[in-house]
Amino acid sequence: MLLLLLLLLLLLLLLLLQLLILLLLLLLPLLLILLLLLLLLLLLMLLLLLLLQLLLLLLLLQLLILLLLLLLLLLPLLLMLMLLLLMLLLLLRQLLLLLQQLLLLLLLLLLLMLLLMLLLLLFLLLLQLLLLLKQLLILILLLLLLLLLQLLLLLLLLLILLLLMLLLLLLLQLLLLLLLQQLLILLLLLLLLLLLLLLLILMLLLMLLLQLLLLLQQLLLILLLLLLLMLLP
């Protein structure tokens, strides 16, 4: 009788173990489904990141093209300004030459006509000296204006170069951040794959345990039957 009780207890324990294993087997596919959903979400995030990178690259290309167009638009304007200044200089020079010729003609006429008027000649010489001084001053001012324009052009070029360098630095920072995000997502994917493998291994082990328990149960039933046969008169 004690043996029968023990065998019955063992059978109950085996049944309980089978129930637990079956519950685990039911829960494991749910976990697998959840992990697969997580994997799909991570893959979608990777695709979104790639699309964002492509959009950023397109935007950066557009910005560079716009900057180049601005430079191309500014250069002809600057060239036009330089040409206009040169034209003005040439016109001023021609005007000065014409003025000089007129003054020389007047002086010759005055010298021919009024040899005796020394005071007037001196006055005219003073006027000529003043005009020459004015011409020299005008030429110096024009040269200074040219130098200032050249300095402004150099400053504009330096500013454009600095802006380009800043854009390149920002691009590099964005690319580094995107690469770090991709590495983190790949690490999460690897961890999830490892968890999936572990769960599959656990399922296989539980299946083997179930088979062993079933075999043990059958053996115990056979032993019970043998004991009952032996106890019968």
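Including glycine, each Cβ sits where the backbone N, Cα and C put it.
Sequence annotations record features per position, and here TrEMBL assigns domain 'ABC transmembrane type-1' to 35-206.
The transmembrane segment annotation in TrEMBL covers 32-56 (among others). Below 8 angstroms of C-beta separation, residues 174, 178, 181-182, 185, 188-189, 192-193, 195-196, 199-200 of the same chain, each at least six residues beyond the ends of the transmembrane segment (32-56), sit close to that stretch.
The transmembrane segment annotation in TrEMBL covers 63-90 (among others).
If you look up TrEMBL, you'll see 102-127 (among others) marked as transmembrane segment.
Among the features that TrEMBL reports, transmembrane segment is placed at 136-153 (among others).
Annotation source TrEMBL lists transmembrane segment at 159-180 (among others).
Outside the transmembrane segment (187-209) by six or more residues, the chain places 17, 21, 24-25, 28, 31-32, 35-36, 38-39, 42-43 with a CB less than 8 A from a CB of the stretch. The transmembrane segment annotation in TrEMBL covers 187-209 (among others).
The feature transmembrane segment is assigned by TrEMBL to 215-232 (among others).
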